[in-house]
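Chemist: Below, the features straight out of TrEMBL:
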- 27-75: region 'Disordered' (REGION)
- 36-52: compositional bias 'Low complexity' (COMPBIAS)
- 435-552: domain 'PDXDC1/PDXD2 second' (DOMAIN)
- 558-666: domain 'PDXDC1-like third' (DOMAIN)
- 746-797: region 'Disordered' (REGION)
- 779-797: compositional bias 'Acidic residues' (COMPBIAS)
Amino acid sequence: LSSTFVRKPINMSTEVQSTLQAAETLVASLDGKMEQQSQPSPGSAKSSSNDSGVEEARKASVSQPKPIDRRASRLSSSAVSPVLEQLEQLIVNDDWLARDEVPQQKHAKAKEGNRLSELGRTLVTSSSLKAYIDLLGSHHRQSIASWLFGNTSITFSQLFRFPEAQVYCSETESTLANAVRNGIGHAVRLAIKQAYGGEFATKGWRVFVEQGAPVIYVSPALHLDIAPYLASEFGISDIVVLPKLEGDLSEIEGRIDHQAFERQLDEDIAAGKKPLMVLGVVGSSILGQNDMISKLLDSRKNKARFWLHIVGQAVAALTLREPTEVLVHVLSQVDSMTLPLALWLGIPAAPVITIHRSIEGYKPTYRAKLDTLPWWVASQYLTTKRITDSIENAYFLSKVMLKGLSALEQMEIVGVDNVVDFANKVFKNQYIAPSVLIFKYKYAQLKEAIAAHKKLLTAPEEERNVSDIEKAAKLIDIELEYAESLNSWLGQGLLGECTPLGIHMIELGGFYGTAFRFCPLEHAAANNSNMDHVQKFVKQLSEVMSIVDSTVAARRSFTEMKEQFPALAQLPVNKWAGVGAVCYIPSIVKETNPEEWNEQQRHQVSMLNMELVHSLRSVDSAFSSGESALFGVSCVKFGMLSDANDLVDLMRMVSERGKEIESSQQYLDTLAEQIRKGIEAANHQLKHESDVRLQQEGVMRQLPIMGSLVNWFSPIEHPNIKGRSFNLKTGEIQATDVLYKHKKGDSEMKTPMTPIETPQAPHDFNKNTIVVEKKDSIQEESVEEVEKSEEEVPASA
């Protein structure tokens, strides 16, 4: 759109006041002018106006209005002002809302997004005029409504190259989906009138019994559940979602399978049902795909006379200066189309419109005609030229983005096999630019894993191996999660820098994962997007591709490099886009399988690794701390790499700093404190057992002579006295008999160390310098003391 829409942000309160004042001024001005008008000639007024308004729109003059009776007493401005002030406070200030239900940040964003342009303020003001027009005389208001309706219908009929079209404006709804649903409901109402005549208005559902139940066929690409709405509004229960045309992208979004549709059509006709409507999609919301409307037209011609209604983004291409002849020829034959034109033009307070052909016996009501007022204002303000310019700008941005992405080999556009060839044809105007672009990082390992899994599934039955298929499926899950993490990492870094483009992340499902969605029709006009924004985004995307490529290359060799550092174990972490994660294993738990670590051991390992991350981040902020859900311990996560060759140096850095921390005085002091607490706990348990034994035996048995006499008369069996030991490796207190049995029978058994596997963020090793300090004599002595203390811990009562 032109710079007319650009204005400096103003205070919300001032904006509301100016809008209200403009409405009051305009209404007061019209009120005064109406009182000054002369009396019309007798007989010039009519009680009603039944014409469609199209012919009246071509008339140069309108008959003189009939004066309306005015009340002598009106509310003074002093009486109205407090009411308006109270309304203003409700709009401007949100302190009266429940903070628990809506976060404050959402309110702030809503305030920022509610700032109106000049056209927006005009449309808001014009809405109050609809109520004012209702106060006019019957003939006068219906003449105005008919003129507005006819003028708007002609404008959009020419704009969308839809001959002799009429416009219907949906009621204002809270969401765009509900407004589109209402537009579809109006098309259903027209289809019923065409198929069943006027009897539906008098007989209702009984006409369905007499002439056959209506069936509505819905494209699988329509992401809108309209069955409950149509059932409650019209009593139609047969809503058939047509089968998808099988293809590689049918998991994401499907198109109508025409052969299956014709079979369904034949079955319904044979069952005595009446095909009422087909809802087709031209420019689906995810992949921008089109249903084969030409084949649907052939089915309507050869099979049954149903109403054909279309929705979709690609309908906007009809407004281009030079649309393709095939597109105009096909879409001009449909019966109706619902269009979110306000979204495409970035204007508020304008309803969703439905353009439809005129049918015999249908005349729009006065209210339906008057509802076109916002679009009459918008079309007069913008003019068809500026509307076309706005939509052409959106398609141009799609071209530029397509060209930029085609230059990046690492990016793939979902649904386009040869991106370079397709982009060249679009720039040569052989194809129309896609209304939606879905793109993501092309992760080769995921494609290889999917191909290998597919090969195993399609192999002959005698050659299939269930375990191999399960392994391949598990590998797909791992690679898919990593691919999603890479795209999420790209989104976190780029989306904040390109808000004018409206690019956002979507979940495609299946093996496609997460991707970027770019739809300039939805955001370009509102955000004033231009070519510079697209070029800036593509440039930033190309700059980070080298980092992603280096990280992916390093990840493939991560496991092999880890073998050079026995103290590091590779651990799986979820949703991490970097190279992977390792856990430094201290020598005190090295011989224990990580799966058998108890809570105390996990705490020891996590404490050391958190200290390790803290030390590393002081040199390289790309290191981060994470937790492996598999073993429940903290780990060191590697970030993205600018150079894949830096990985071995970074792992050496982690290993050396881990050894330094493990042998440091602070770590040894922590272990000593742990040993002290263990000994205290063992002594406490021994004392508790002694008190219990004393309580059971009694005081008499404790006396030197009397105890011997009592024990001679009534001897008791003394249970084996159990000592206690504190295991430094496990951090547990154990009975000594268990310890001795374990030493006797299992002294030669050793638990094998199982490898720990898997994933991840950016480093620049040239900037990293870590000085590893030598252990002093005090630290060496501390190590010896800890080793001796481990031997001295077992004690018995």
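The backbone N, Cα and C atoms fix where each Cβ goes, and this holds for glycine too.
Values in this document were obtained by computation on a predicted structure and should not be read as measured data.
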Chemist: In the domain 'PDXDC1/PDXD2 second' (435-552), how many residues does DSSP assign to helix, to strand and to coil?
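Modeler: Its residues divide into 82 helix, 14 strand, 22 coil.
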Chemist: In the domain 'PDXDC1-like third' (558-666), how many residues does DSSP assign to helix, to strand and to coil?
Modeler: 51 helix, 20 strand, 38 coil
Chemist: Do you know the mean pLDDT across the domain 'PDXDC1/PDXD2 second' (435-552)?
Modeler: 90
